[in-house]
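**Student:** The following block contains the structure, expressed as structure tokens.
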Amino acid sequence: MAPVSGSRSPDREASGSGGRRRSSSKSPKPSKSARSPRGRRSRSHSCSRSGDRNGLTHQLGGLSQGSRNQSYRSRSRSRSRERPSAPRGIPFASASSSVYYGSYSRPYGSDKPWPSLLDKEREESLRQKRLSERERIGELGAPEVWGLSPKNPEPDSDEHTPVEDEEPKKSTTSASTSEEEKKKKSSRSKERSKKRRKKKSSKRKHKKYSEDSDSDSDSETDSSDEDNKRRAKKAKKKEKKKKHRSKKYKKKRSKKSRKESSDSSSKESQEEFLENPWKDRTKAEEPSDLIGPEAPKTLTSQDDKPLNYGHALLPGEGAAMAEYVKAGKRIPRRGEIGLTSEEIASFECSGYVMSGSRHRRMEAVRLRKENQIYSADEKRALASFNQEERRKRENKILASFREMVYRKTKGKDDK
């Protein structure tokens, strides 16, 4: 019984593997046909191992060993089928030398790492390069994107105003425009003179023809009358031309004088600005040392003018202002109350100024108040005067009303 089982192993196994190869080549399935030679070799390896094992069983002579070999053979076949096909890049020997543990594989035969590790390394290197590039751009900058910073920075708005640059430009443009206007006027005057000459020549020709036609009847009288008329017309035209020329000459002179004055004033203002750029140009220079307008010296001069009762005054403000005026000091504005007049003057000398519109308003109020100062006695006199005047007016109105009522009632009684 033992030799029957042993005679089957090596030769039949080889023939069986050959038969399987033929069947795999014939079969239309893509999985078997696409299988690499590596799979075939692994099958042959497994078959040879099973053959050796079968030889051992032949020597021992046990039927149970044959059944075990068959189960082992089936396992080896299933393992060889489970193995994935080798990648195209990996050589044949390294693929054969790789050991498989279920589905996990480790390429100890080859020096090349798996593609996932290579990709990670590449990404890391790219990231490092990008970081270094960004650091370099942060230090040096990118002129192709942002451009270089200006070598000569623009002047500060406080130190250099655009109005100063516009003034000389305006003067040059005005001069050029005036020259163009002169040229246009001269060309127009030439055209007019040409037209006049043509008209004169045509009139003369017409007159000549008329003279020839009317030569038979009163030629002498007509010619003398026409000559007189021509002379009168010529004299009138000459006078008109002289007047027109004199007007033009006067206009040109006035324009030239204006230009010269404007140029000189602009030059002077530029020179003054260069000498003292912080000087205030809006205010006219005052020879006196006092800041602000002078207070009225005589309070009695207000009798001639109608009194303004100072509706903007606060209680006690008029008396305080009167004291300032008596002392000959400047009256402080509403925003400056709490400071002495000397402190206000020192602040203004050092350059502290109110905003423009508020400054103008407060100055106007201050001027009005300075002209409206009156004492307590004057106030009482004004109040009594106002009351008397009011009573007189009321009495007049009542008397007129009584008369009207009396007339109406009297007329009714008579009827």
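Here the Cβ of each residue, glycine as well, is placed from N, Cα and C on the backbone.
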**Student:** From the list Ser7, Ser67, Ser132, Ser269, pick out the residue that Swiss-Prot labels phosphoserine.
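**Tutor:** In Swiss-Prot, Ser7 carries the phosphoserine label; others show none in the record.
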**Student:** For the candidates Lys29, Lys305, I need the one that Swiss-Prot annotates as SUMO2 cross-link.
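**Tutor:** According to Swiss-Prot, the SUMO2 cross-link annotation belongs to Lys305.
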**Student:** Scan Ser157, Ser189, Ser215 for the residue that Swiss-Prot records as phosphoserine.
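**Tutor:** Record annotation (Swiss-Prot, phosphoserine): Ser157.
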**Student:** Looking at Ser33, Ser50, Ser125, Ser176, which is the one Swiss-Prot tags with phosphoserine?
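**Tutor:** Comparing Ser33, Ser50, Ser125, Ser176 with the record, Swiss-Prot tags Ser50 as phosphoserine.
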**Student:** Could you check Swiss-Prot and say which of Ser64, Ser110, Ser288 is marked as phosphoserine?
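**Tutor:** When Swiss-Prot is consulted, phosphoserine appears for Ser64.
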